[in-house]
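Written out below as structure tokens is the structure these notes cover.
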Amino acid sequence: MKSGFVSIIGRTNAGKSTLINSLLEEKIALVSHKQNATRRKIKAIVMHEKNQIIFIDTPGLHESGATLNQLLVQSAIKSMGDCDVILFVASVFDSTKDYENFLSLNPQVPHIIALNKVDLTDNATLLKKLSEYAKFSQHFKAIIPYSSKKKSYKKGLLDEIVKYLDKHEYFYDPEFLSASSEKELYRDFILESIYENLSDELPYSSEVLIHRTKDTPNLLILEANIITDTNSHKGMLIGKEGATLKRIGKDARFKISKLAQKKVLLKLFVTVKKNWQKDEEFLKKLLNDEN
């Protein structure tokens, strides 16, 4: 029996959250085409044979001077020091420059490269990319081609990860899917619904704070504030006669209900907080409130 923590690191939008969801075969981590959709570390638990792997999905590594982005990167770097294995996720279409940037952080634990999205390319392109990574072979333990859309890739990746975990009793009940709080997961589903409904119309300027939960045997009641930075963005979130906010609520309610396995009453409010992305105390609360 082995049990340990694996930090998933990679460029923004390399497919980290989608990879976690494919390993779980459940939707736990926030999936969106928006950059840095994952703002908190999500712990997802995968049972592989008799072994327990706890995945920590971190914000994407990137270069930016914005306060929010700096804190996200700090969070990702801290995660690397708190794990047993690092899984570096890169798209087969990415250059190796992202991996070189990762190496410059001087990771102190073993790491494996998951070369993601291989279902979208041909064998010749895959072999070329593998040869590009070969010059770094003294640094990584293994490089594993992966596709989140094909279950046949799952066992090979998990087998490789388990090799580098220590023998240890389970850290969590093996029936759990995620060690993250349900409140945090509900928040992520709301945020994902915002991205899906507004797409590129709304800049990366919204956050969700859940300020009330009441769970009964047959009904889950949630009240949440959507934080945005301008009145114009507030108007976009609400939409004409509240249509957009109703659509966001409907989509989020469906996802939350599926996870909670009960009817959900979700009340959404929109609040303007100017320059929230530069308010360090507010951001630290967002990132650490539920860890």
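Note that Cβ sites are derived from N, Cα and C of the backbone, with glycine treated the same way.
Between the listed ranges 36-40, 131-135, 276-280, Swiss-Prot ties the annotation region 'G2' to 36-40. Looking at the domain 'KH type-2' (186-274) alone, the prediction's average pLDDT is 88. Across the region 'G4' (116-119), DSSP helix (H, G, I), strand (E, B) and coil residues number 2 helix, 1 strand, 1 coil.
Note: the domain 'KH type-2' (186-274) comprises 45 helix, 30 strand, 14 coil (DSSP; helix = H, G, I, strand = E, B). Secondary structure from DSSP puts Gly10 (GTP binding site) in a beta strand.
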